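Student: Shown below is the structure under consideration.
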């Protein structure tokens, strides 16, 4: 199989973790007889510095012609004083909108060998395997008008939470489709006791549920969902929610695992390349030191192989390699115990590559 991958290293540790991920992808390609080609492009702060905009048109074009997109991280304090439309994060929002990446998938899995990294008790997190499906191109982050009006103490500010019924239906249906190949349980998260948009969301969820009689649908208010993710995360299979709620809940759920450095994500559309990225930030404080955790980016590559390329065995090979490396005791500083020796980005990447090369031939 031949595939072209757009690589957007971005800012901070982004170039380091994407380089590590490319090494792993190349090991998979060599191992299974595939050909992956890579084309790098600018996004975020580095794009602002070089061409004056966080999302150059050339980058959008490279992504549109790719089979999959790998992103490192964007942003950093260097660009925090810029106007909102010139911030690095605006480039990522524009990329999502430009490629119609409406479905964000955030898997949360607790590795047995990393159970101690979580601040929660082992009996609470043991066996956690949930998936948050977040709507990504609507809601408060994109709704108009978005403005300030008036001045002084009577100055008003307006943000708009806007969705169409169709936008709700496509993301909820995606959650049900994913639940069909998991444990057939969907928790729809809303604020239907207050928000009109949530009341319509709940209506649409009930309509979609009729198409999937094998799947159990549960409605949960967002404040309760936030509590339950910490209190009893094992109850969840697939959670689906709108943009703002999903942004908050997915970061909360990430701490069930103990480190943002372990969690991948996928942003998908109905027809076009998916975007795959770690959920951690650009971590400029450790950029260039060779200590960044590459495992979330590597795991994001496994999601690319699965969801964009249909290469499920290859994806599992990466996932198994990550598990094997953790069992061997490799740890970057973010997941190491106090006083425990930590591994470099290169050491962990090399170990994952070796584990892939040593895997049983299933091609």
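Cβ atoms are placed via backbone N, Cα and C, with glycine included.
Given the structure is predicted, the values throughout are model-derived calculations rather than measurements.
In case it's useful when we look at the structure, here is the feature table from Swiss-Prot:
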- 76-89, 281-293: NAD(+) binding site (BINDING)
- 96, 106, 134, 223: substrate binding site (BINDING)
- 141: site 'Important for catalysis' (SITE)
- 191: site 'Important for catalysis' (SITE)
- 223, 247, 251: Mg(2+) binding site (BINDING)
Student: Provide, as an integer number of angstrom, the distance between the C-alpha atoms of residue 84 (NAD(+) binding site) and residue 251 (Mg(2+) binding site).
Tutor: 23
Student: Distance check, please: Cα of residue 291 (NAD(+) binding site) against Cα of residue 141 (site 'Important for catalysis'), rounded to an integer number of angstrom.
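Tutor: Distance between the two Cα atoms comes out at 33 Å.
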Student: Max Cα-Cα distance in Å among 96, 106, 134, 223, the residues listed as binding substrate?
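Tutor: The span, Cα to Cα at its widest, is 27 Å.
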Student: I'd like to know which of the recorded positions 88, 141, 251, 287 sit within 10 A of residue 106 (substrate binding site) at the Cα level.
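Tutor: Final answer, ordered: 251.
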Student: Starting from the Mg(2+) site formed by 223, 247, 251, give every other residue of that chain whose CB sits within 8 Å of the mean position of their CB atoms, in sequence order.
Tutor: 222, 226, 244, 245, 246, 248, 249, 250, 252
Student: Most Cβ neighbours within 10 Å: which of the binding-site residues 84, 88 is it?
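Tutor: Per the Cβ count within 10 Å, the most buried is 88.
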Student: I need the nearest neighbour of residue 247 (Mg(2+) binding site) among the binding-site residues 76, 80, 96, 134, 283, using C-alpha distances.
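Tutor: Comparing Cα positions, the closest of these binding-site residues turns out to be 134.
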Student: What Cα-Cα separation, expressed in whole Å, is found between residue 76 (NAD(+) binding site) and residue 251 (Mg(2+) binding site)?
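Tutor: So the alpha carbons of residue 76 (NAD(+) binding site) and residue 251 (Mg(2+) binding site) sit roughly 18 Å from each other.
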Student: Residue 76 (NAD(+) binding site) has how many other Cβ neighbours within 10 Å of its own Cβ?
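Tutor: Here the count is 21.
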Student: Would you say which of the recorded positions 96, 106, 134, 191 has the most Cβ atoms within 10 Å of its own Cβ?
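Tutor: When each Cβ's neighbours within 10 Å are tallied, 134 tops the list.
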Student: By Cβ count within 10 Å, point out the most packed of the binding-site residues listed: 80, 223, 247, 251.
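Tutor: The residue with the densest Cβ neighbourhood is 247.
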Student: Please name the residue among the recorded positions 141, 283, 287, 291 whose C-beta has the most neighbouring C-beta atoms within 10 angstroms.
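Tutor: Neighbour-count leader: 283.
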Student: Roughly how many Å separate the Cα of residue 283 (NAD(+) binding site) from that of residue 251 (Mg(2+) binding site), to the nearest whole number?
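Tutor: So the Cα of residue 251 (Mg(2+) binding site) lies 16 Å away from that of residue 283 (NAD(+) binding site).
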Student: Reported as an integer number of Å, what is the Cα distance between residue 141 (site 'Important for catalysis') and residue 96 (substrate binding site)?
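Tutor: Given the Cα positions, residue 141 (site 'Important for catalysis') is 12 Å from residue 96 (substrate binding site).
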Student: Want to know which binding-site residues, from 80, 134, 223, 251, 287, are within 10 Å of residue 191 (site 'Important for catalysis') at Cα; which are they?
Tutor: 223
